[in-house]
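**Q** Right, I'll just put the structure down here and ask away after.
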């Protein structure tokens, strides 16, 4: 009996507590920076595409929603096309983990509803952003030993110049 | 009877129906408030038109009668439920001068009788639906409502003894100096509990018991027939609340404010208490419900009658 009265009183007190609901379209919930939302392709600090079309993201994707094709230009690899089908994507973030160049990243944005399913297929121009995303200083070609125009072998960061084999001869 | 204004007869059911519809929204908002959420707040100011939207929706739903149902009774049942509740309001004196037959000399008996008839709505609905869950719900409703009717009547005896009248107007007038909730606190408690059981509201909503019986007696109902059960339930809450106000809280009487406003205020607080009960308490098991009725409330109400009678006798003698 006393328990019942206590329950009634405690429930009544909830009238003066904060409501847990976030009034969504007007208010927005806090999304942490590492929230797994809409997928983007980032660029390196020089403004070049980071993606080297290695296909690791497509391999890692458990629902096979990523498809891309490699092309080559001046020694750099690029995706000829890069397509993510967001009507299949489960936002697991495996692609981001698999990416060796920090190109593919998940962002704190989930407002991507469409009326027609085909509109959820994002092409490379929809995915590519102008910034660097979560890793402002990283540039794959500046730490990798690949030769590209403007950077010869041995000029990457923490890379020693190649040894001239002739100097080793007796 | 000629002095009853035609307007009152037309307006009272309309106002009651409108209030019952509004109450569906009020209840959802209040439940939200007590459960730390918002409830319907999108349609109209503060979600006020949600009730209207629901009304329109339910009016345009397909009015389906299952082929296995007993059609005549199936249609009759919600009508009875609605009618008995609305008729009961006729005998309630909202203020000293209004109410359709507020001064009916058997007013209280009339209302009790109407509530007794109201049981038929639920029982017939359960029977006519011809399905197991509806039947179980109807059976529970019959047992619950008939037994709680007993304590309800007995708990009211104390009030009638003090006021010396079945006339609701006289009962209110007898509370000019002291509300009956004080001398009749036991009776009030029993009446309140019986009232919850009578309107089969949570926590005593075993006839519906949606997690055991689907929806109990109105499992097979849809569209406006279901809507009538629904509205009748909310009108029933208003009825019980205004009865509590009339019998125990001094009716329309109060200082400063106009009489109608006092009645409204008191009734609204009881209605809000009903909703708080729903927000806070879980449903008891069926045998617990019956045990509470026959083993606790019945002796309590008998004790109340005896005590009231003894005090009245002693006062008359001394």
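From the backbone N, Cα and C atoms, a Cβ is placed for every residue, glycine too.
Pasting the relevant annotations from TrEMBL:
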BINDING   A:51, A:54, A:57, A:99  [4Fe-4S] cluster 1 binding site
BINDING   A:61, A:89, A:92, A:95  [4Fe-4S] cluster 2 binding site
COMPBIAS  A:151-163  compositional bias 'Basic and acidic residues'
DOMAIN    A:39-71  domain '4Fe-4S ferredoxin-type'
DOMAIN    A:80-109  domain '4Fe-4S ferredoxin-type'
REGION    A:151-170  region 'Disordered'
**Q** DSSP on residue A:57 ([4Fe-4S] cluster 1 binding site), three-state: which is it?
**A** helix
**Q** Please give me the CB contact count at 10 A for residue A:99 ([4Fe-4S] cluster 1 binding site), counting all chains in the structure.
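**A** There are 21 such Cβ atoms around residue A:99 ([4Fe-4S] cluster 1 binding site).
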**Q** Ranking the binding-site residues A:54, A:57, A:61, A:89, A:92 by other Cβ atoms within 10 Å, which is at the bottom?
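**A** Across A:54, A:57, A:61, A:89, A:92, these binding-site residues, the one with fewest Cβ atoms within 10 Å is A:92.
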**Q** Which secondary structure state does DSSP assign to residue A:89 ([4Fe-4S] cluster 2 binding site), in the simple three-class scheme?
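**A** Where residue A:89 ([4Fe-4S] cluster 2 binding site) sits, the three-state DSSP reduction gives coil.
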**Q** Sequence-remote contacts (6 or more beyond its ends) of the domain '4Fe-4S ferredoxin-type' (A:39-71), Cβ cut-off under 8 Å?
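**A** For the domain '4Fe-4S ferredoxin-type' (A:39-71), the list is 77-86, 88-92, 94-107, 122, 124, 127-142.
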**Q** Looking only at DSSP and grouping its letters into three states, which state does residue A:95 ([4Fe-4S] cluster 2 binding site) belong to?
**A** helix
**Q** With residue A:51 ([4Fe-4S] cluster 1 binding site) as the reference Cα, tell me which of the binding-site residues A:61, A:89, A:92, A:95 is the closest one.
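**A** For residue A:51 ([4Fe-4S] cluster 1 binding site), the closest Cα among A:61, A:89, A:92, A:95 is found at A:95.
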**Q** Which are the residues of the chain, A:61, A:89, A:92, A:95 excluded, whose CB is within 8 A of where the CB atoms of the [4Fe-4S] cluster 2 site average out, their centroid?
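**A** Those within range, site residues removed, are A:39, A:57, A:60, A:62, A:63, A:65, A:66, A:90, A:91, A:93, A:94.
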**Q** Name, in the order they occur in the sequence, the residues of the same chain whose CB lies under 8 A from the CB of residue A:95 ([4Fe-4S] cluster 2 binding site) and which sit 6 or more residues away.
**A** A:39, A:57, A:58, A:60, A:61, A:66, A:104
**Q** Other than A:51, A:54, A:57, A:99, which residues of the same chain sit close to [4Fe-4S] cluster 1? List them in sequence order, counting a residue when its Cβ is within 8 Å of the Cβ centroid of the site.
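**A** Neighbours found: A:52, A:53, A:55, A:56, A:95, A:98, A:100, A:101, A:103, A:104.
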**Q** Over the domain '4Fe-4S ferredoxin-type' (A:39-71), what is the model's average pLDDT?
**A** 92
**Q** Taking DSSP three-state, what's residue A:51 ([4Fe-4S] cluster 1 binding site) in: helix, strand or coil?
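**A** Looking at the DSSP assignment, residue A:51 ([4Fe-4S] cluster 1 binding site) belongs to neither helix nor strand, so coil.
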**Q** So if I draw a 10 Å sphere around the Cβ of residue A:51 ([4Fe-4S] cluster 1 binding site), how many other Cβ atoms end up inside it?
**A** 25
**Q** Quick check for the class: what is the C-alpha distance, in angstrom and rounded, between residue A:89 ([4Fe-4S] cluster 2 binding site) and residue A:99 ([4Fe-4S] cluster 1 binding site)?
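**A** Counting only the Cα atoms, the answer is 16 Å.
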**Q** Using DSSP, what is the helix/strand/coil residue split across the region 'Disordered' (A:151-170)?
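**A** Looking at the region 'Disordered' (A:151-170) with DSSP, the answer is 4 helix, 1 strand, 15 coil.
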